[in-house]
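Below: the structure, in structure tokens.
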Amino acid sequence: MATKFPKFSQALSQDPTTRRIWYGIATAHDFESHDGMTEENLYQKIFASHFGHLAIIFLWTSGNLFHVAWQGNFEQWVLNPLKVKPIAHAIWDPHFGQPALKAFSKGGSAYPVNIAYSGVYHWWYTIGMRSNQDLYSGALFLLVLSALLLFGGWLHLQPKFKPGLSWFKNNEPRLNHHLSGLFGVSSLARTGHLVHVAIPEARGQHVGWDNFTTVLPHPAGLQPFFSGNWSVYAQNPDTAQHLFGTNEGAGTAILTFLGGFHPQSQSLWLTDMAHHHLAIAVVFIVAGHMYRTNWGIGHNLKDILDAHRPPSGRLGAGHKGLFDTITNSLHIQLGLALASLGVITSLVAQHMYAMPPYAFMAKDFTTQASLYTHHQYIAGFLMVGAFAHGAIFFVRDYDPEQNKDNVLARMLEHKEAIISHLSWVTLFLGFHTLGLYVHNDTMIAFGTPEKQILIEPVFAQWIQASSGKALYGFDVLLSSSTNIATQAGSNIWLPGWLEAINSGKNSLFLTIGPGDFLVHHAIALGLHTTTLILVKGALDARGSKLMPDKKDFGYSFPCDGPGRGGTCDISAWDAFYLAVFWMLNTIGWVTFYWHWKHITIWQGNATQFNESSTYLMGWFRDYLWLNSSPLINGYNPYGMNNLSVWSWMFLFGHLVWATGFMFLISWRGYWQELIETLAWAHERTPLANLIRWKDKPVALSIVQARLVGLAHFSVGYVLTYAAFVLASTAGKFG
């Protein structure tokens, strides 16, 4: 007899109902729960999957390069990056009529195309690519790399090449290799590429496979390096008149500390970036030699952690026991990794627009908006995932004996204090922020706008001033010419930085007022509420006052019957589920704020944001409603235009989002009845009843229905806002 899906669970494969399929899919990646799984095999499977993951990433990037080279307009764009619209790829759609063919043939193409809003053109241009040939070479290289990684993944599943468990748990060598190799050497390689290829190309000097061994990146060669006279590499930088991509106004410096932006491209100086990556490379390569391996020198991580004990002795055992706890729990490792990656992704969102690293990207407003929104949403999902795996760690991997009185145990012991403090913060922020907004709404509605409560963000303005913003008149740190901080940096990076921060032509330290003060606190409310739900979910994952034995029920149980006074909605999974809604809510406010503030600045109409953002109706009317007009008019009785695709996506996003509620607001009985009815109708419908199935249709479980609802809600939410951002920005700025 053929074995049924899933092969990894005998119990599930013998289930006679449709539960077999859904639970099979749901637990396919929960390797720990599979039949016959050993710890060693678990690590080997996950390790091999990393190769597959990298292969997919490189294949995807290769596809980007290939399609732009084949169907894009990279070479035309390079000649005029500010005016030519970058093409991502062609569109072939048999439904297109003449108006659609005409509307979507843009960016200088004779056929319908998609415009690229990802910033890849700016990225490839900045790193020195100039021709389609360069793009094809890159695509081919990444394709080969992808194939090699797939082979590597396969190889590491073969008996002779499977690493043993001790190799996976060998922390110090892994840390050394990741610090020196992953961060250090890759940063050094980045510096090398910038110095040898990107900077010469930015100065009009072509560097390719044909001449890279003969073109000196600096006239003095390596002589200053070996003689210790390193400052030579910083002399004669590009001038303020430099035209990017030509030698007009170009210098010879390769490692500088100019500060600020290249006046024409409005991006960070390439020579500053090279210097930055070189410094990081040195720091990380040194850091990668700090931990003890086969030779008896260097730090031992267990010793370091065990030595981390609060001095008085009243605060417990500190980090004792953490070494083994973290080494033996993949969930806490994943939780820490996701949290770190989440933070850095959000930082990327912030820095990508405030300090654009790629030439001319600052002037491609739709790309700026897309990249910010994209990275903030990803950061949100990563952070929620971090807490989810933190909760699974407490359910599956946490050993109270091993962690007696250390930081983990103490967090669990005073979780009531942590949770209640977070609760007070959210209540305070929620009532006060909403109170101010609603008061202002009422005053506007009654025609007395002067009675609004408007609070200047003086502390934030003071911080901006200390970084050099002169507008507010604070005489502090970098905004004071006599301050020691100003004098210390005045000969190197400071003039460029001060010019940039006060120019008004970029997004560095934007001028803030009462509207910013309010939305800042609304976002703080969202962040603290999401954190409250996630922290409570993780800290209560093992048990709570109501249900002390939660751990025995696992991570994602739905309820435990009515016996204890009703135990529904209290598993760690339920906390994750609720937190995702709050996360989306918060990122929504963050991106609304960023987008509205920026489109008013880009249109030279900052007053609109300043005046309308102090009350809720202003947000609904002057941001959401006003900017949705290109979506509402994407197609109408008179035909269509090149925003029609976003209008359709806007409608479709709403549909997906609304479908989510169908799963969220109904319970099991409804589903079972619905399925029985559908099955009954199917069996009595001619032709359709030729198709039979053996599994008895059963309703989705409570947890499954919620997951399906949550997935639709999230996907629809992001899809709707993506279409809104793209259409409202592209509709204004092309």
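Just so it is clear, glycine is given a Cβ too, placed from its N, Cα and C backbone atoms.
Swiss-Prot annotations:
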| type | residues | note |
| --- | --- | --- |
| BINDING | CYS559, CYS568 | [4Fe-4S] cluster binding site |
| BINDING | HIS654 | chlorophyll a B1 binding site |
| BINDING | MET662, TYR670 | chlorophyll a B3 binding site |
| TRANSMEM | 46-69 | transmembrane segment |
| TRANSMEM | 135-158 | transmembrane segment |
| TRANSMEM | 175-199 | transmembrane segment |
| TRANSMEM | 273-291 | transmembrane segment |
| TRANSMEM | 330-353 | transmembrane segment |
| TRANSMEM | 369-395 | transmembrane segment |
| TRANSMEM | 417-439 | transmembrane segment |
| TRANSMEM | 517-535 | transmembrane segment |
| TRANSMEM | 575-596 | transmembrane segment |
| TRANSMEM | 643-665 | transmembrane segment |
| TRANSMEM | 707-727 | transmembrane segment |
For the transmembrane segment (575-596), find every same-chain residue at least 6 residues outside the stretch whose CB is under 8 Å from a CB in it, and list them.
-> 353, 369, 372-373, 376-377, 379-381, 383-384, 387-388, 391, 516, 519, 522-523, 526-527, 529-530, 533-534, 536-538, 540, 609, 613, 619, 623-624, 627, 706-707, 710, 713-714, 717-718, 721, 725, 728-729
Do the transmembrane segment (369-395) and the transmembrane segment (273-291) share at least 3 Cβ pairs closer than 8 Å, excluding pairs fewer than 6 residues apart in sequence?
-> no
All chains considered, the count of other Cβ atoms within 10 Å of the Cβ of CYS568 ([4Fe-4S] cluster binding site) is 13
Give the distance between the Cα atoms of CYS568 ([4Fe-4S] cluster binding site) and TYR670 (chlorophyll a B3 binding site), rounded to the nearest whole Å.
-> 18
When the Cα of CYS559 ([4Fe-4S] cluster binding site) is compared with the Cα of each of the binding-site residues HIS654, MET662, TYR670, which one is closest?
-> TYR670
Reduced DSSP state (H/G/I helix, E/B strand, rest coil) at TYR670 (chlorophyll a B3 binding site) is helix
Given the transmembrane segment (46-69), its same-chain partners at Cβ distance under 8 Å and 6+ residues beyond its ends are 31, 86-89, 116, 118, 120-121, 124, 132-133, 135-136, 138-140, 142-143, 145-147, 149-150, 152-154, 156-157, 163, 168, 330
May I ask for the distance between MET662 (chlorophyll a B3 binding site) and the residue listed as 'chlorophyll a B1 binding site', taken between their Cα atoms and rounded to an integer number of Å?
-> 13
Cβ-Cβ under 8 Å with the transmembrane segment (175-199): same-chain residues at least 6 beyond its ends = 126-128, 207, 212, 215, 217-218, 254-255, 270-271, 273-274, 277-278, 280-285, 287-291, 293, 301
If you count Cβ atoms within 10 Å of each one, which of the binding-site residues CYS559, MET662 comes out on top?
-> CYS559
Spatial neighbours of the transmembrane segment (417-439) far in sequence, C-beta under 8 Å, 6+ residues away = 411, 452-453, 455, 518, 521-522, 524-525, 528-529, 531-532, 535-536, 539, 614-616
